[in-house]
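Participant: Would you mind keeping the following structure in view while I ask a few things?
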Amino acid sequence: MENQGYLKVMILCLVALFVSTHAQLKLGFYAKSCPKAENIIADFVHEHIHNAPSLAAALLRMHFHDCFVRGCDASVLLNSTSNQAEKNAPPNLTVRGFDFIDKIKNLIEAECPGVVSCADIIALVARDSIVHTGGPSWKVPTGRRDGVISNKTEATNNIPAPSSNFTTLQTLFANQGLDLNDLVLLSGAHTIGISLCTSLSNRLYNFTGKGDQDPSLDSEYAKNLKTLKCKNINDNTTIIEMDPGSRNTFDLGYYHQVVKRRGLFESDAALLTNSVTKSLVNKFLQGSIQNFYAEFAKSIEKMGQINVKTGTQGEIRKQCAFINS
């Protein structure tokens, strides 16, 4: 009996420890501690996002890049005096929206100092910016805490690149607990936003190092890109629409581009090189926009909970670019 009592105490202690360090996110986490927080964020997004609609895609991309390195902990926002933070890694050099997040953080801090994490702000802003540009909504449970480590090498190794092939994509997504369905759905976010010629210059001009073109890219589309947009391999300033003609509309246009072999990135073309992902692309393309929105919501909700820090883990930063000292 004594041993049984001891065992029960040990189990209760372990459960308490697990709960304290792995507390779950929940909807309305700040309902009592900072009840106006989510409205402050939504109002700011609503007021400003229409002035720069392409920023919606950038903020969604920031959320994605943050979650793929050390989980959704706002480590992508941290500065480094030695340029060794995540934002200094090649995949993040074109990430935009840092000032947007900082302005919201300042408003939140004025209302509730030291309560709302930068990690939650990123997640909420990503959702609200897409909603305010006419895209889908999704649930954003809150309670994330901010990380204190940001590593350039980890970002380089964990964030999928435009040149990623299917095997690399599958591995990087699986490392985060995401499956092929998530890969296809989250790739669908390429229906909005812009990129630069640098992201596909090799596909157009030097695919195998012999001055050739990627055969998986539609030849007519490639010709148009070379003629009208990326006129030489060294162009690093020209902007290209991810989904030509509807870059600000969250629709099924991306999947139309992919099946026509007109996805901008090698990672887009890679979706057609696997039977499962190819089937999923066609499935979503043939379905309704409402179905796409619903399925996309499930995948991004899943992504938003990758390795989150809760409870006593991490901290609540006072400024998003700096850990507390």
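Residue numbers in this text run from 1 along the chain shown.
Placement of Cβ uses the backbone N, Cα and C atoms for every residue, glycine included.
Where the annotation comes from TrEMBL, it is an automatic prediction and has not been curated.
Pulled the feature table from TrEMBL, pasting it below:
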- HIS65: active site, proton acceptor (ACT_SITE)
- PRO160: substrate binding site (BINDING)
- CYS34-CYS112: disulfide bond (DISULFID)
- CYS67-CYS72: disulfide bond (DISULFID)
- CYS118-CYS320: disulfide bond (DISULFID)
- CYS197-CYS230: disulfide bond (DISULFID)
- 1-23: signal peptide (SIGNAL)
- ARG61: site 'Transition state stabilizer' (SITE)
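Just tell me what is around each of these and how deep it sits.
Facilitator: Long-range Cβ neighbours of HIS65 (active site, proton acceptor) (same chain, at least 6 residues apart, Cβ-Cβ under 8 Å): VAL76, GLU86, PRO91, ASN92, VAL95, ALA155, ILE159.
Around the Cβ of CYS112 (disulfide bond), the same chain contributes TYR30, SER33, CYS34, LYS36, ALA37, each under 8 angstroms and 6 or more positions distant in sequence.
In sequence order, GLN176, MET303, GLY304, ILE306, ASN307 make up the list of same-chain residues 6 or more apart from CYS67 (disulfide bond) whose Cβ falls under 8 Å from its Cβ.
Within 10 Å of the C-beta of CYS320 (disulfide bond) we count 23 further C-beta atoms, all protein chains included.
On its own chain, ARG61 (site 'Transition state stabilizer') has VAL95, ALA189, GLY193 as residues at least 6 apart in sequence with a Cβ closer than 8 Å to its own Cβ.
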Participant: If you count other Cβ atoms within 10 Å of each one's Cβ, which of the disulfide-bonded residues CYS34, CYS72, CYS118, CYS197, CYS230 has the most?
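Facilitator: Checking each of CYS34, CYS72, CYS118, CYS197, CYS230, the winner is CYS118.
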Participant: Tally every other Cβ atom lying within 10 Å of the Cβ atom of PRO160 (substrate binding site).
Facilitator: 21
Participant: At the Cα level, what's the spacing in Å between PRO160 (substrate binding site) and CYS230 (disulfide bond), rounded?
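Facilitator: Each residue's Cα considered, PRO160 (substrate binding site) and CYS230 (disulfide bond) end up 23 Å apart.
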Participant: Measuring Cα to Cα, tell me the gap between CYS230 (disulfide bond) and CYS320 (disulfide bond) in whole angstrom.
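Facilitator: With distance taken Cα to Cα, CYS320 (disulfide bond) is 36 Å from CYS230 (disulfide bond).
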Participant: Please identify, among the disulfide-bonded residues CYS118, CYS197, CYS320, the one with the smallest Cα-Cα distance to CYS72 (disulfide bond).
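Facilitator: Nearest in space to CYS72 (disulfide bond), counting only the disulfide-bonded residues, is CYS118.
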